[in-house]
Amino acid sequence: MILILVQAAVQPPLIPPRQLVQLCRNLHIAQMSSVISNAVCVVQVELILVKEQNGVQFTSSTVVSAAPPRTSPRGDEERETWGKKIDFLLSVIGFAVDLANVWRFPYLCYKNGGGAFLVPYMFFMVIAGMPLFYMELALGQYNREGAAGVWKICPIFKGVGFTVILISLYVGFYYNVIISWALYYLFSSFTGDLPWVHCNNSWNSPNCSDWADNITINDSYKSTPAQEYFERGVLHIQDSQGIGDLGRPRWQLTSCLAVVIILLYFSLWKGVKTSGKVVWITATMPYVVLTVLLFRGVTLPGAIDGIKAYLSVDFLRLCDPKVWIEAATQICFSLGVGFGVLIAFSSYNKFSNNCYRDAIITSSINSLTSFFSGFVVFSFLGYLSKKHNVSLDNVARDGAGLVFVIYPEAIATLPGSSVWAVIFFIMLLTLGIDSAMGGMESVITGLIDEFKFLQKHRELFTLFIVVSTFLISLFCVTNGGMYVFTLLDHFAAGTSILFGVLIEAIGIAWFYGVDRFSDDIEEMIGQRPGWYWRLCWKFVSPCFLLFMVVVSFATFNPPTYGSYIFPPWANVVGWCLAMSSMTMVPLYAIYKLCSLPGRFCNVSQM
């Protein structure tokens, strides 16, 4: 039958209730001859009674269709969702804000014209960073599957899903090692005299020289205590002749790595219900520590000089193409697009969640965090430069050398240095943990959604993934582990990640279609993306990514570590690693074309 809901809006003078009831009875309802699918059709009728001044009554009825609640097109209501909206936001922020925000962006800003570097950085953020970030959040939320499963919208591109899953797995092989270094330093900080202060330790070489005796820090025959502690005391790189001479895993670093793996497992084994609670600590702690370190740093002598150098504006540097290339590269990697993490996280959202607002908020916070961390870093670098009477260029560097050599050395000169060291390495630990959680969640969600039988065994599968990651990571904690680490860092997520995002953008914009993708977003949030977003998705972002892939190949340099040059076979292994993920795109496309009947257009739209 048809159920009719009647709403009456009566304007004075009021009609007596008895007349209103009689009027409703006179409304003829045609009975349906059959009931389709046992469904009840609900029609909302708005009945308006108006009494004119001449005493004649008029009736007007309007059929108003009740807006159905927005749900997933798959009807998949059993999928796990975030306990709270803030859990999702903190998880995305925690993943995107990682160690690179501290050790990479401030140095790039200082080296490339200070405040002028923000011009190309913000330009690429607006035309590519935010659109791609928004695209991945919407893609995962609408399809409610991981990086591979979402490509049911365009199956021929499903290989790109396996590409990003492999990249996230490869990154986990060495990223967890960075966290284990931070944990090792944290344990070493619980002492009255920090071990990287003097040259009288068993691991020091004759070339070790304190800052007071080593004014020319760029002298290749001299090294500081902090530098020797990292390379000789922690890594024991002096006991290896190169990547062909790794040796056995160091038990101290292996123990720290095992602790990191255990933390990751118990943060991930129950899904987003557990990881969403862990990020309340890991995603917020870095901001607390950065604020504390900033208040301490700006009070140090020379801190203002360091901050001025960080913010000094040199617009002439914008004429250098390298500055624009480095800004574009930083955007590609800082937001975390292309790792499948954003897709995995957003797939656990409610279908009607406002992913547009989330994309704007989280990507903006990521960029602001990078800029804010520069004040913390350069306040201490300015202090170190003034204390040892050397130029800022001699102490400013990026990468692991900043957070494991220069910054610890600056902290060691402060009163209560052990306390400040503990605070700093807790920050590094939390920065790393939530980013590692995101990478592992991308792998786990992507494979579980693709191979449904794994859903009932998430705990065991998660254990398998983290243990496998641990076993491969053991190569990075040997005497020659730094060489393996450098090789993985250079090849695992360089050109391959840019290629993956490029194919992803082409698949969405040109094969699935920007209009259909916009319809999906409108179905979720009730608002269609504006022309700006559609233009970026279809033209600007793919062109930007294509340019970055070409530049990445054209400017490729073989990896090095200090004066060590990797042998040719190591570079071959590195390229095989990079190609192993990129080749998933054509291999799966060929498989799909050969295994399914029909024409190409049918395969790409099934």
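Keep in mind that glycine also has a Cβ here, set from the backbone N, Cα and C atoms.
Keep in mind the model is a prediction, meaning the values are calculated, not measured.
What TrEMBL says about this protein:
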type	residues	note
TRANSMEM	88-106	transmembrane segment
BINDING	Gly94, Ala96, Val97, Asn101, Ser334, Asn366, Leu431, Asp434, Ser435	Na(+) binding site
TRANSMEM	118-139	transmembrane segment
TRANSMEM	160-187	transmembrane segment
DISULFID	Cys199-Cys208	disulfide bond
TRANSMEM	251-268	transmembrane segment
TRANSMEM	280-304	transmembrane segment
TRANSMEM	324-345	transmembrane segment
TRANSMEM	365-384	transmembrane segment
TRANSMEM	419-439	transmembrane segment
TRANSMEM	460-485	transmembrane segment
TRANSMEM	491-514	transmembrane segment
TRANSMEM	535-556	transmembrane segment
TRANSMEM	568-590	transmembrane segment
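What TrEMBL annotates, mapped onto the structure for a quick look.
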residue : record             : CB count, 10 Å
Gly94   : Na(+) binding site : 27
Val97   : Na(+) binding site : 27
Cys199  : disulfide bond     : 19
Cys208  : disulfide bond     : 21
Ser334  : Na(+) binding site : 23
Leu431  : Na(+) binding site : 30
Ser435  : Na(+) binding site : 27
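Taking pairs at least six residues apart, the transmembrane segment (251-268) and the transmembrane segment (160-187) share three or more Cβ pairs below 8 Å and count as touching. Here the transmembrane segment (460-485) does not lie next to the transmembrane segment (88-106) in space: the count of CB pairs under 8 Å, restricted to residues six or more apart, is fewer than 3. Taking every listed stretch (118-139, 160-187, 324-345, 365-384, 491-514) in turn, the largest tally of C-beta pairs under 8 A with the transmembrane segment (280-304) is reached by 365-384.
Neighbouring residues of the recorded Na(+) site, listed in sequence order and excluding Gly94, Ala96, Val97, Asn101, Ser334, Asn366, Leu431, Asp434, Ser435, comprise Ile93, Phe95, Asp98, Ala100, Gly336, Thr369 (Cβ within 8 Å of the Cβ centroid). Sequence-distant residue pairs (6 or more apart) of the transmembrane segment (160-187) and the transmembrane segment (535-556) include fewer than 3 whose Cβ atoms are under 8 Å, leaving the two stretches without contact. Sequence-distant contacts of the transmembrane segment (88-106) (same chain, at least 6 residues past either end, Cβ-Cβ under 8 Å): 82, 137, 178, 272, 275-276, 279-280, 282-284, 286, 310, 330, 333-336, 341-342, 345-346, 348-349, 353, 358, 361-363, 365-366, 369-371, 373-374, 376-378, 398-400, 402-403, 428, 431-432, 434-435, 437-439. Beyond the transmembrane segment (118-139), the same-chain residues lying 6 or more positions past its ends with a Cβ under 8 Å from any Cβ of the stretch are 92, 109, 150, 318, 323-324, 327-328, 330-332, 334-335, 337, 342-343, 346, 355-356, 358-360, 362-363, 367, 371, 501, 504-505, 508, 517, 520-521, 524, 529, 533, 536-537, 540-541, 544-545. Within its own chain, the transmembrane segment (419-439) has Cβ neighbours under 8 Å at 91, 94-95, 97-99, 101-102, 168-169, 171-172, 175-176, 178-179, 182-183, 185-186, 189-190, 194, 260, 263-264, 267-268, 275, 278-279, 281-283, 285-286, 289-290, 292-293, 296, 336, 339, 341, 344-345, 403, 407-408, 411-412, counting only residues six or more beyond its boundaries. Only residues 6 or more beyond the boundaries of the transmembrane segment (535-556), in the same chain, are considered here, and those with a CB under 8 A from a CB of the stretch are 124, 127-128, 131-132, 135, 325, 328-329, 332, 494-495, 498-499, 501-502, 505-506, 508-510, 514, 517.
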